[in-house]
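K.L.:
First, the structure itself, so that you have it in front of you.
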Amino acid sequence: MFGLLLVLCVLLPPSPGAQIPNQGQPKHPPIATNGERFPWDQMRLPQTISPLHYDLTIHPNLTTQDFTGVVRISLDVHEDTSAVILHAKQMEISNVLLLAPEGARPLKVLEYPGFHQLALISDSVLTKGRKYEVQLEFAANLSDSFHGFYKSSYRTSSGEVRTLASTQFEATFARGAFPCFDEPAFKANFTVQIIREPRHIAVSNMPKVKTVVLPGDLLEDHFDTTVKMSTYLVAYIVSDFLSVSRTTQHGVKISIYAVPEKINQTAFALDAAVKLLDFYDDYFDIPYPLPKQDLAAIPDFQSGAMENWGLTTYRETGLLFDPDKSSASDKLSITKVIAHELAHQWFGNLVTMEWWNDLWLNEGFAKFMEFISLDITYPELHVDDFFLNKCFEAMEVDSLSSSHPVSTPVENPTQIQEMFDDVSYDKGACILNMLRDFLTPEAFEIGIIRYLKRYSYQNTVNSHLWESLTDLCSLDDLDEGRMKHFEFCSRRKLQSGTSKWYSDDELDVRAIMDTWTLQEGFPLVTVEVKGREVRLSQERFLRTDDHSLTEGFLWQIPLTYMTSASNTIHRFLLKTKSDVLYLPEEVEWVKFNVNMSGYYMVHYAGDGWNSIIKLLQHNHKALSGNDRASLIQNVFQLVSVGKVSLDTALELSLYLSNETEIMAVTRGFGELVPLYKLMEKRDMTVLEKQMKGYIVELFRDLIDQQQWSDSGSVSERVLRSYLLLFACFMNYEPCVRKAIQLFSQWKESDGTVSLPVDVSMAVFVIGARTPEGWDFLFEKYRNSLQMSLKSRYKSAMAISPLQDKLQWMMEQSLHGEVMKTQDLPDVVVSVAKNPRGYKLAWDFLRASWVTLVKKFDLGSNALSYMVTGVTNQYSTREMLQEIRSFFDSLTEETGSQMRCIQQTYETIEDNIRWTDTNLPLLQSWLNKRSRRATHEDL
């Protein structure tokens, strides 16, 4: 693997902003805690020994909040050695034995905390080819964070606080729960025993096979042995949860676990899990290999969910659904997260990336499969209406020089944690979607089934996937049910004068996809039409004024396009810096990246944008909603790099007054709202008010058309909720009037009057503007057992203009009793986006930094989300200096090297450039627009 990376350093341009990780070596020879030299000096474990089987007994004490255990590990020795190097973090190790055929003997233990490593030293050589066992006893405290084996609690409706213990081992936290070889390539089988009190239950990856009564009124549950898997997928929970169960058509028992008072909110998740596991069983043509799949709703959970094999864990909001209280977007997000975790049972669990540099092979695929699976199993959710947002979010990060390739060298736990970002998840999904469109869905499905079957229970790298997607026309890979992919085989052989989609050479999937995974960023394709001639060129899209940073990048781009003359989707593989294609006739307009199936932006040079604007103003439905959304995003992003004038982007936005489709409407908001957000933090009240007025005017008709009810499709309902929330937040008088009326009725009934779910956020936001209304919402929040409702209460309270309440919310969330600490990142970022709260959020982030790092861990998505969410709308040099001053004062141990800090600097610098260049233009355009509107009224 590292040889490949060396080659890439020569073939591909260096990443200007990339962190070059240390190679996992300390600056000086590592010294163990006892003062002796530690026998291994790499962060990655040696390959001399690998584990075959773990026999693990865990005894958590939920009263004293600690645990003890013993692990016996069967070892396979690949080279003669006298040291077994493995991981353990912050635990007491005792009674370490080598169990050999000739008898048990103690091993010397050395500890090197810098790399979380133990060395078990034998006084005789462990011989290559022989099998040994080591046994270790250990003890530790249940973790105070959300990682490792950690404590969680919840409050019953009677006020009683109950405690449970749960695990979260991805990426490098199994080592904090038991001594192990904590790297994904060290796969093994696990047999787990858990000691508990009779008032609790225990669940793990596999079904329970028996329970043994122990002295001291304790029980020991024995679980069946797992399939071969990585340590980060081991899971166990000790709790008082209840469960509901059903069996899939393929005979797998599905159970949902939740706290007793919320078990009645599990029916929807149970149905979804059954339907989706059956779908994946058929789609992947590989039976789910375990007898059961549990889904557990954990009261304290940092991420959205975790794919532990056979025991997936979730936030309560990610699993619990009340048909009377949950919204359409709740249904969509719950179904997507279940689809994501169940896809991981194949992508990630059955076939696992060799090392964390290829995390996207797990996460990009699972994110992509959310949309593939739900499109078929839940067509009524119209999941396609929401996919493009993933690509827009990825591009936001990927347009910075501090971005990273999808596949990136990483060594230490902080760098590994940072891989769980929009690039691995969303960019990964978007380039897979592009490849699927390129190969045809049928051929793509054949290739990924081949990949999963070839590498079951093994570890893979990028190239294994590309090899599986090559030579797809081999008859050996065809089965009767998938003969449709002959369409791909015949299409690949077609050549025409206008299409270079496939060259005469053999299609080289790896050569194409390496350009998308081994270099950061994405291309901007410039299109210039001259009669029948279409001139194409590509460059890296980068939000910087240093043009040298865009040099040396080249992609193989599967272009698609359509024209005014034909609805046919034409294809062209752009492999070079520039090229030319010829149209059969002259056309009025051309639209590249049809439906934005490709992960690239397009600039229409010459008169191209004017042609697009004319089309949108006169017949916008000639293009799909996704095409229109991509044009809005492209044109506004091109303003930030000086390719297009702000006037042009704003003129294009005028067509939005006729727009009704969710993707294009929300993209319009996504590009226009940040403009007035920049002004909020510069105290430019007049211009800010003008910009807000323009946006409200643009969408006024669509807002007025919204019913205050729960009718319509999922997309219509999500859009209604979005529009009414925006209108009320903008003080649009008809919206505010209706929301005040509904809030008063709801409050007077003590919350018993049923509000339409889709409009409830708009109602709560208006209610939270007064101290009395805010306090009433908080009481409802504190006493509610409906998770989606609690989430809406919390969000509305964080948008309140009451600064003392905002400060209190952040402090309470950090404390974690009344408001969960897991929700702190959302609370802090919501307060940061609040015009009355952004200074509070920045001050809170600084003051609480040390606590936040301890609670959420360096490099975690939660920490990065707070850093970028609190800072990304500042646009003054004074604020940039203040932010730099704080982050520059940190040490490496407190986060100074985190990628999100570099992203913060870049984003603010980009905001400064944008405002310096464009604010006068914006003022002028809005004034002109206002005069034009006044003239039209006269």
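Heads up, the Cβ atoms here are built off N, Cα and C, so glycines get one too.
The model shown is predicted, which means the values in this text are computed figures rather than measured ones.
The active site, proton acceptor annotation in TrEMBL covers Glu341. Taken from TrEMBL, the feature domain 'Aminopeptidase N-like N-terminal' covers 51-233. What TrEMBL lists as domain 'Peptidase M1 membrane alanine aminopeptidase' is 268-473. Taken from TrEMBL, the feature domain 'ERAP1-like C-terminal' applies to 589-909. The signal peptide annotation in TrEMBL covers 1-17. Among the features that TrEMBL reports, site 'Transition state stabilizer' is placed at Tyr425.
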K.L.:
Using a 10 Å radius around its CB, how many other CB atoms surround Glu341 (active site, proton acceptor)?
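P.N.:
That number is 27.
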K.L.:
For Tyr425 (site 'Transition state stabilizer') and Glu341 (active site, proton acceptor), what Cα-Cα distance in Å is obtained after rounding to a whole number?
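P.N.:
Tyr425 (site 'Transition state stabilizer') and Glu341 (active site, proton acceptor) have their Cα atoms 13 Å apart.
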K.L.:
Would you mind giving the whole-number mean pLDDT across the domain 'Aminopeptidase N-like N-terminal' (51-233)?
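P.N.:
Residues in the domain 'Aminopeptidase N-like N-terminal' (51-233) carry a mean pLDDT of 96 in this prediction.
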K.L.:
Taking the Cβ of Tyr425 (site 'Transition state stabilizer') as centre, how many other Cβ atoms lie within 10 Å?
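P.N.:
For Tyr425 (site 'Transition state stabilizer'), the count of other Cβ atoms within 10 Å is 25.
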